[in-house]
Ligand SMILES: O=C(O)C1=N[C@H](C(=O)O)C[C@H](O)C1
């Protein structure tokens, strides 16, 4: 089980490679994951936004988790495995959280319940119930996707729940992390808004869950490690060198640009996504072509 103090560094959210018939391409996933594991990353996130959680079934998630655990065992790597279990329904979130625990997850990622637009009290209870399952919970605030904003005071209360070990903050600005730090929050906050990673480190983030770190992984690690070592000049310069790529990866909905780049580099076989996601535009392709690892 993941502890608060272990929730730091660069956690990479994995993609779900598909075949042309939209089935999961497990062989490609294996190749892609082995490459990722050759880097010194701090953790993996399965079934995040980057994995296309809305269109991947729970049975498929379970298969991906089993394969990932096997590859971790085979390579002797001991990396924390975080599984996304949050939905907009508290009961199904609890069920998935229980199943994630059975699958051997070290923690679960629970997104703010989207679509229903619950009250702040409802959001708090949602996290209380998820945490009551007994596996560590990382709260995930991503208002651009959920359509609802968790108030700083509610988030403070969520982070005070026993069993909630930290926050992935994809709110898109520094207000939430600053308010939480000012209120004395001691639980780790990880950046989930790639373009703001360096600034969030400066505001107290303990690392990031960053889709872009699937590419130029060593450079992302370098930003984090240099920052931790006090070499902010190096961290900032390396991050600046990553910024144009990050900008393009989020020009269209994540993970479609990322999958296109991974396929281009031969790390997965195809950039296929499941509808309603569609492939990237010709214009973005042309711009991404300019990037080489
Ligand atoms: O899958 C994730 O975890 C992430 N999703 C975010 C998003 O697509 O909104 C981006 C972040 O890099 C990680």
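Placement of Cβ uses the backbone N, Cα and C atoms for every residue, glycine included.
Listed in TrEMBL:
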type: ACT_SITE; residues: 140; note: active site, proton donor/acceptor
type: ACT_SITE; residues: 168; note: active site, schiff-base intermediate with substrate
type: BINDING; residues: 50, 209; note: pyruvate binding site
type: SITE; residues: 49; note: site 'Part of a proton relay during catalysis'
type: SITE; residues: 115; note: site 'Part of a proton relay during catalysis'
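On the structure: features taken from TrEMBL.
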| residue | record | DSSP class |
| --- | --- | --- |
| 49 | site 'Part of a proton relay during catalysis' | helix |
| 115 | site 'Part of a proton relay during catalysis' | coil |
| 140 | active site, proton donor/acceptor | strand |
| 168 | active site, schiff-base intermediate with substrate | strand |
| 209 | pyruvate binding site | strand |
> Quick one: which of these recorded positions, 49, 115, 140, have their CA within 10 A of residue 168 (active site, schiff-base intermediate with substrate)?
Replying inline: 140
> How many other Cβ atoms are found within 10 Å of the Cβ atom of residue 140 (active site, proton donor/acceptor), counting all protein chains shown?
Replying inline: 24
>> Looking at the recorded positions listed here (50, 140, 209), whose Cα lies nearest to that of residue 115 (site 'Part of a proton relay during catalysis')?
In response: 140
> Where ligand 1 binds, which of the recorded positions 49, 50, 115, 140, 168, 209 are close by, with Cβ under 6 Å?
Replying inline: 49, 50, 209
>> To see if you understand the setup: which same-chain residues, six or more apart in sequence, place their Cβ under 8 Å from that of residue 49 (site 'Part of a proton relay during catalysis')?
In response: 13, 84, 142, 145, 211, 254, 255
>> With the cut-off set at 10 Å between Cβ atoms, which of these recorded positions ends up with the most neighbours? Options: 50, 115, 168.
In response: 168
> Across all chains shown, how many C-beta atoms besides its own are within 10 angstroms of the C-beta of residue 209 (pyruvate binding site)?
Replying inline: 28
